[in-house]
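Colleague: Input: one structure, supplied below.
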Amino acid sequence: MINRTSIIKQPDKISSFCDVYKLQKKYQDALISGKSNIDFIWLGEHQLCYTIGRGSNMGNLLFSLDEQDVFKIDRGGEVTCHMPGQLVTYLVLDLHNFNKDLNWYLRKIEKIIIKVLSSFNIDSSTKDGFTGVWTGERKIASIGIGCKRWVTIHGFSINVNCKLENFDKIVPCGIQGCQMANMSDYKKNLDIKEVKIIVKKIIQEEFYFNFISE
């Protein structure tokens, strides 16, 4: 496969969900309109918030909407939670240059997550009928994507050392009884910066990217 160029942003500070969403849309619109042919990757952490996908069941929010920041966004999937200690990765990719197949793309993301976890000697797997990655019976990574004219938006999150009790306020991904896990449950004293380095490396390998800064 021919190497692709992608802009990458990796802020150290905790980022507002709204600000990063606007950034994704800017790059998605540029790819769709033909103003740019450069993909965009963002790796970082968000302030505590909840997001719900298209057609989500509002009954999976177990709190009043005025209690927390909730964003209804243009991705598939149900409700999930973002917070410090969770590494979020957004990929704005033109699938014309890879494979115009969303099932292929979702399986590719799962493969990336499993390889990341394996790099830290954490065994993980997928589950038939579900999207995401599990360690045993607990979910450690969630995936939610949007796609317009074969240009993707949103991506995946891996729980590194976040406050898992924040998931108690929702039915995670619409899965009743779903229990969540952190990477730090299996590898103590884990720094999210270490995970960020590996995620970047594996994305680069899997998509044949040449990364540049804007």
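Heads up, the Cβ atoms here are built off N, Cα and C, so glycines get one too.
Straight out of Swiss-Prot:
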- Cys173: active site, acyl-thioester intermediate (ACT_SITE)
- Arg75, Gly76, Gly77, Glu78, Val79, Thr80, Cys81, His82, Ser142, Ile143, Gly144, Gly155, Phe156, Ser157: substrate binding site (BINDING)
- 35-211: domain 'BPL/LPL catalytic' (DOMAIN)
- Lys139: site 'Lowers pKa of active site Cys' (SITE)
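Looking at the shown structure, what environment does each listed feature sit in?
Modeller: Around the Cβ of Cys173 (active site, acyl-thioester intermediate), a 10 Å sphere holds 22 further Cβ atoms from the protein chains shown. DSSP assigns Cys173 (active site, acyl-thioester intermediate) to a helix.
A strand conformation is recorded for Ser142 (substrate binding site) in the three-state DSSP classification.
Taking a C-beta cut-off of under 8 Å and a sequence gap of six or more, Lys139 (site 'Lowers pKa of active site Cys') has these contacts in its own chain: Gly132, Val133, Pro172, Cys173, Ile175, Cys178, Gln179, Met180, Ala181.
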Colleague: Among Arg75, Gly76, Gly77, Glu78, Val79, Thr80, Cys81, His82, Ser142, Ile143, Gly144, Gly155, Phe156, Ser157, recorded substrate binders, what is the largest CA to CA distance in Å?
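Modeller: Across Arg75, Gly76, Gly77, Glu78, Val79, Thr80, Cys81, His82, Ser142, Ile143, Gly144, Gly155, Phe156, Ser157, the widest Cα separation comes out at 16 Å.
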Colleague: Give the sequence-ordered list of residues that share a chain with Ser142 (substrate binding site), lie 6 or more positions from it, and have CB atoms under 8 Å from its CB.
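Modeller: Looking at Cβ-Cβ distances below 8 Å from Ser142 (substrate binding site), excluding near sequence neighbours, one finds Gly77, Thr80, Gly132, Phe156, Ser157, Pro172, Cys173.
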